[in-house]
Amino acid sequence: MAKNAATASATVTSSLSRGTWWKWLGFVTAVWVQCVSGNNYTFSNYSDALKSLMGLTQLQLNNLSVAKDVGKAFGLLAGLASDRLPMPAILLIGSLEGLIGYGAQWLVVRRAIAPLPYWQMCVFLCMGGNSSTWMNTAVLVTCIRNFRRNRGPVSGILKGYVGLSTAIFTDISAALFPDNPAAFLLLLAIAPAAICAAAMLFLRDFPPADGDSGRDEEEEEEGRCFAAINTIAVVIAVYLLAFDLAPGVVRGAGVAAISAFVAVLFLLLAAPAAVPVYVAVKARIARNQSKLDLEERSEPLLHAEEEEEEVEKEKEEVVAVAGDEAVVLAVAAAAAAAAAAAEAEAEGKRRGPRIGDEHTIAEALSTTDFWVLFISFLCGVGTGLTVMNNMGQIGAAMGYADVSVFISLISIWGFFGRIGSGTLSEYFLKKNAIPRPLWNAASQILMAVGYVVMALALPGSLYIGSVIVGVCYGFRLAITVPAASELFGLKYYGLIYNILILNLPLGSFLFSGLLAGLLYDAEATKTAGGGNTCVGAHCYRLVFFVMAFACLVGFGLDVLLTVRTKKVYLRIHMNKNSKRSAAAAAAAAAGDQTVKS
């Protein structure tokens with residue numbers, strides 16, 4: 001029996017190790033997909049070229065950005081497909097859409113073709129925006145299912161790399177082809193398609209192992225791997241930040257320095273691949289050690305088996321005596337358990353699922369908590385997206401000739417917000433049962449402060465505001481992803497996530513297309529080409545104050561959601577701790593048994 005147990009343990013260890021290696025390889029390719037799926041946030045890098053080439057007013061330009069964000073509304077299709085199509089197919093759809101959408105814009109900006117009619121440009125911008133929803137859905141749904149015990153870090157890392165993607169695209173283009181929006185659009189079209197083609201080979205679902213054996217050790221090992229990828233991401237962010245704060249040092253040093261900057265950046269982006277390599281090497285060492293231990297124990301186990309057979313015979317005799325009574329008791333207990341289960345199921349059907357249980361789409365949409373989360377999410381991401389879409393015009397209005405630094409700053413600090421929020425919220429959830437929506441409330445109030453700072457237009461206020469808005473926008477995105485899965489379950493998570501993402505086009509339309517576009521045009525003067533321009537702090541002051549008020553509304557909603565869901569997070573906290581305690585007790589008992597034998 002002991003020999004069989006040892007053999008089974010070695011087999012399970014080998015199987016889990018192989019699965020773990022592939023799971024981590026898929027996670028690393030997911031990270032790379034996220035590095036290129038933030039192309040939707042780069043509109044400000046080439047919006048001026050479209051505005052001058054097509055002779056647009058600010059309202060028309062903002063409506064183009066809304067069309068880009070409306071593409072995310074069609075992310076519902078990606079959510080529906082996530083339960084029906086394999087992940088490689090979802091990645092393929094996203095990469096082809098991006099290739100067509102950004103490729104058409106590249107042809108226009110490069111002047112290879114005449115400017116397309118306004119409605120056609122809206123269609124291609126919509127396709128480009130929609131492409132990221134397919135990529136994000138494939139990545140988030142797969143990785144949260146694969147690492148369901150570490151949803152906070154998973155969300156933080158993946159959303160963090162999305163935040164970095166804007167800075168990666170911006171800084172690479174600024175280094176290799178500055179002031180060339182056509183080349184920038186070509187990069188947006190080709191890079192995601194190439195990365196998704198590689199990810200199709202490795203990104204797949206790995207069902208969780210049965211039982212709790214080894215879960216605590218596995219969770220600790222995952223924590224170490226996530227920490228390593230987090231560290232690499234922070235190094236990348238600091239590296240990009242150094243380039244943004246001193247761009248002249250690299251650009252003025254010549255081709256060699258620029259090539260070195262890009263080469264080091266690519267090495268840093270490739271560095272997460274060391275994690276699955278480490279996991280594979282460790283798994284091989286563990287398998288070899290298990291084989292050696294089994295061989296050393298094989299001879300003593302032969303004698304032990306004879307003794308165990310005698311013990312088993314004695315047990316069989318005892319069981320035969322009490323067998324009839326045990327059968328009667330077992331049947332009675334099973335009948336009682338079945339009756340209780342049936343009663344609980346009937347009661348559950350009458351009342352519907354509790355918050356924190358698995359919800360269908362209809363059940364989630366019928367809850368107050370979903371709509372509180374939805375509207376508070378709108379207040380945060382809608383206003384943040386407005387700043388990203390209009391940063392080119394905001395910087396120009398405040399007298400800055402080069403606004404790429406602000407676009408990159410929002411991206412980098414958005415990364416710190418995303419990656420920090422995932423780790424912090426997970427840590428305090430496990431330690432103190434702090435609900436994740438409380439972190440959203442904190443980010444909303446800080447974001448309101450950032451908008452007030454930018455409205456005052458003091459020296460350096462745009463730098464400070466860019467940092468604050470980036471951090472808070474990142475917090476908001478990374479917290480909402482695991483929170484939605486915890487409140488409404490994982491079964492229909494792909495569609496629930498994409499319903500929440502409807503806030504991006506809705507917020508873009510309300511705050512960017514209407515609010516910012518109309519108020520800017522009211523302050524602007526017409527230009528000879530048919531467009532308009534506005535210079536001065538007054539161009540966006542009222543916009544910032546209105547968005548600050550919207551964030552205060554979002555703060556109130558997040559506080560309400562925190563109160564309504566505190567029991568859910570207390571239950572999650574107790575469940576995590578009980579499993580950890582049970583695993584520790586089992587390990588201690590196994591150790592005592594080994595010592596006795």
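Cβ coordinates are placed from backbone N, Cα and C, and glycine is handled just like the others.
The model shown is predicted, which means the values in this text are computed figures rather than measured ones.
For the ranges 53-78, 495-520, the feature annotated in TrEMBL as transmembrane segment maps to 495-520. Through the fold, the transmembrane segment (255-281) approaches residues 17, 20-21, 24-25, 27-28, 31-32, 35, 168, 171-172, 175-176, 225, 228-229, 232, 235-236, 239-240, 243, 249 of its own chain, all at least 6 residues removed from its boundaries and within a Cβ separation under 8 Å. Mean pLDDT for the domain 'Nodulin-like' (23-277) in the predicted structure: 84. Contacts between the transmembrane segment (224-243) and the transmembrane segment (89-106): absent, as fewer than 3 C-beta pairs lie under 8 angstroms at sequence separation of six or more. Within the same chain, the transmembrane segment (437-457) stays apart from the transmembrane segment (89-106): fewer than three Cβ pairs sit under 8 Å, each pair at least 6 residues apart. Contact between the transmembrane segment (370-388) and the transmembrane segment (540-561) holds: at least three of their C-beta pairs are under 8 Å, each pair 6 or more apart in sequence.
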